[in-house]
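According to Swiss-Prot:
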type	residues	note
DOMAIN	1-243	domain 'Deacetylase sirtuin-type'
BINDING	ALA24, PHE35, ARG36, GLN105, ILE107, ASP108, HIS123, SER192, SER193, ASN215, ASP232	NAD(+) binding site
BINDING	PHE35, ILE107, ASP108	nicotinamide binding site
ACT_SITE	HIS123	active site, proton acceptor
BINDING	CYS131, CYS134, CYS151, CYS154	Zn(2+) binding site
Amino acid sequence: MKHDLETLKHIIDSSNRITFFTGAGVSVASGVPDFRSMGGLFDEISKDGLSPEYLLSRDYLEDDPEGFINFCHKRLLFVDTMPNIVHDWIAKLERNQQSLGVITQNIDGLHSDAGSQHVDELHGTLNRFYCNACHKSYMKSDVIDRTLKHCDNCGGAIRPDIVLYGEMLDQPTIIRALNKIEDADTLVVLGSSLVVQPAAGLISNFKGDNLIIINKDRTPYDNDATLVIHDDMVSVVKSLMTE
């Protein structure tokens with residue numbers, strides 16, 4: 001492990017066009033449940049009596065707008081979550097002009113909360129909401145502080161600005177993410193299994209010098225990586241910062 005940390009530090013220190021690609025493992029330490037792992041959010045959602053895929057779908061929003069927004073308030077707001085050391089480390093490297101930014105599969109908004117400016121949120125963010133009818137925009141604070149569920153303009157359901165099942169990923173976001181990967185000299189994957197498509201398929205477009213994967217479990221890209229560390233992200237970053 002010590003040798004891996006030394007290698008990681010050397011690569012990071014010698015790179016000036018780092019792109020980060022993050023998944024659920026990065027935010028677990030902030031109290032955000034992993035969606036798909038055992039005991040994760042999907043397991044919790046299943047207790048509500050409907051499938052997680054349906055509850056997080058465009059169909060459910062259209063079939064039962066009231067049920068959908070009640071579900072969002074109960075399961076998705078993550079009111080007390082704060083960025084952890086991994087989010088802070090990524091933001092610091094961007095401030096130091098070593099990083100092109102971060103591409104994330106997460107919807108928690110914690111990269112932006114940590115100060116990262118160049119964030120491509122592939123699946124949207126819970127920091128923004130909008131009316132499903134008239135599209136008036138709301139911030140997360142509006143929804144939480146006022147327990148706001150219906151638009152004060154037209155009465156429509158206020159939904160989070162996330163990609164639901166049955167909806168397409170935002171194409172401008174995909175293009176920006178692809179450019180970040182293609183322009184990077186080092187691509188650092190943190191806390192992602194790299195199996196959720198089409199987002200994970202973006203990794204195959206990396207042509208730079210170093211692919212680094214830090215994840216508890218193996219990924220389909222491990223054999224292509226310069227460095228693979230199967231460990232907890234927080235532990236790795238803490239150790240890296242004391243090297």
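The backbone N, Cα and C atoms fix where each Cβ goes, and this holds for glycine too.
The average per-residue pLDDT of the prediction over the domain 'Deacetylase sirtuin-type' (1-243) is 91, rounded to a whole number.
Looking only at the binding-site residues ASP108, ASP232, the densest Cβ neighbourhood within 10 Å occurs at ASP108. Here the candidates are the binding-site residues CYS131, CYS134, CYS151, and by Cα distance the one nearest ALA24 (NAD(+) binding site) turns out to be CYS131. Residue environment of ILE107 (NAD(+) binding site) contains 23 other Cβ atoms, counted within 10 Å of its Cβ in all protein chains. Taking each Cβ in turn and tallying the other Cβ atoms within 10 Å, the top scorer among the binding-site residues ALA24, CYS134 is ALA24. Take the CB of CYS131 (Zn(2+) binding site) and look out to 10 A: across all protein chains shown you find 19 other CB atoms. By a simple count of nearby Cβ atoms, those within 10 Å, the most crowded of the binding-site residues CYS151, CYS154 is CYS151. According to DSSP, ASP232 (NAD(+) binding site) is assigned to coil rather than to any helix or strand.
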